[in-house]
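Going by Swiss-Prot, these are the annotated features:
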BINDING   170, 171, 172, 173, 174, 175, 176, 177  ATP binding site
SITE      363  site 'Required for activity'
């Protein structure tokens, strides 16, 4: 046996040292001290960041919500059924991110951005933090482009602009979700990506919404995020932030997005539940002191960006449920003060057959007027006042039987205008058709039509226009203003239709 030379031995040792890799993974690890109701108290993670994602040895994940001197309060995603005292937890040193971009469009996701529609994984390399700073004043531009909902009462009286936050508020079962879904359906062909965030809804309700969006071809440009009533409070709390992160991607890439939060009352309740378990002091209505801040930091991320930033926009339609019409409760008043206006839906109107049940007296759009097209402004300029006077007159007629001719005429026209503003669900109307029917009502073309037949008159008018005078609709659509020639033509068309219309 030949002996190894000294030089060979040293070269072999040298080679071994060069190729030696120390496979060592450094991790900060803590232990679960207690776990209850989706919140874990952890000892031993001193360097953890606020809202950092933590990993449990059971495979569960959570975020650090409470940073105390000797422990960390962690909100666990899901129910964490296998977590118990003594379970190891390690840091990931990253904040929570969700997938963004065109890869998520057309999908149904949970609050963590994971697909729940059975269509396979989301293939994307683009992720965004769920907590981002809202754009500053200098990065914004005033709202000036319309975002049409296709609902006559909204587009005429409480117009919404791209980059606006418009609250939809009302009692249970007054058609709040329907208004939001109509707005999403109406964005077809408008290059607007829509995000619907369901918070604490029944699974069956969300399935119905997805079915409706698919039926009207709206899922092609929509994302649905679902944190249902059966999900944990943590998932319900995180869902809107995941949704807005996805919307911000389009806003920041010079595109337009619309986000619906359905609804923020349940979001506040989920946050209240988490805060109680984290032993944070309760305030008014037992909500924690920072409940205003969780909604303001969410809604401030909706904005119209300036030209230097690409002029993209993110429009928000938060929904809030009231109890017995009480808009002075804590959460409704908070969100009213954060948003740029509200659409108020009333139970009494809903049950009296006025649908959408929008109370035009209490509904307001603080910045949308600048975004409304001129043609709509021209036909609906006095509509709010006319409807207010009609309501006053209607209340007066309950006590007085004798009315002069002018009052009778005003009352009759008011009744017809109320009928004009009625609309079936899931049937948004293009703005040019809205202009035509509101013009017909405001200028007295419906005065000779019986109140019960106004809806029928409208249903027959639109096909007549499309068949015989499509150029009128086309001109309103392109010009966006009723000039003298166009108005004269519109009058002629309406007079001709009245001759052919039979009740």
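Placed from the backbone N, Cα and C atoms, the Cβ positions cover glycine too.
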Residues within 8 Å of the 170, 171, 172, 173, 174, 175, 176, 177 Cβ centre (excluding the ATP site residues themselves): 321, 345, 347, 350, 357
Surrounding CB atoms that lie within 10 Å of the CB of residue 176 (ATP binding site), all protein chains: 25
Packing count at residue 171 (ATP binding site) (other Cβ atoms within 10 Å of its Cβ): 18
Candidate nearest residue 363 (site 'Required for activity') in space, where candidates are the binding-site residues 172, 173, 176, 177 and distance is Cα-Cα: 176
List of residues, in chain order, with Cβ under 8 A from that of residue 170 (ATP binding site) and at least 6 apart: 176, 321, 322, 344, 345, 346, 347, 357
Collapsed DSSP category at residue 176 (ATP binding site): helix
Residue 174 (ATP binding site): tally of other CB atoms within 10 A of its CB: 26
Number of other Cβ atoms within 10 Å of the Cβ of residue 175 (ATP binding site) across all protein chains: 19
Structural state of residue 363 (site 'Required for activity'), classified by DSSP into three states: coil
Which of 173, 177, 363, the listed recorded positions, has fewest other Cβ atoms within 10 Å: 173
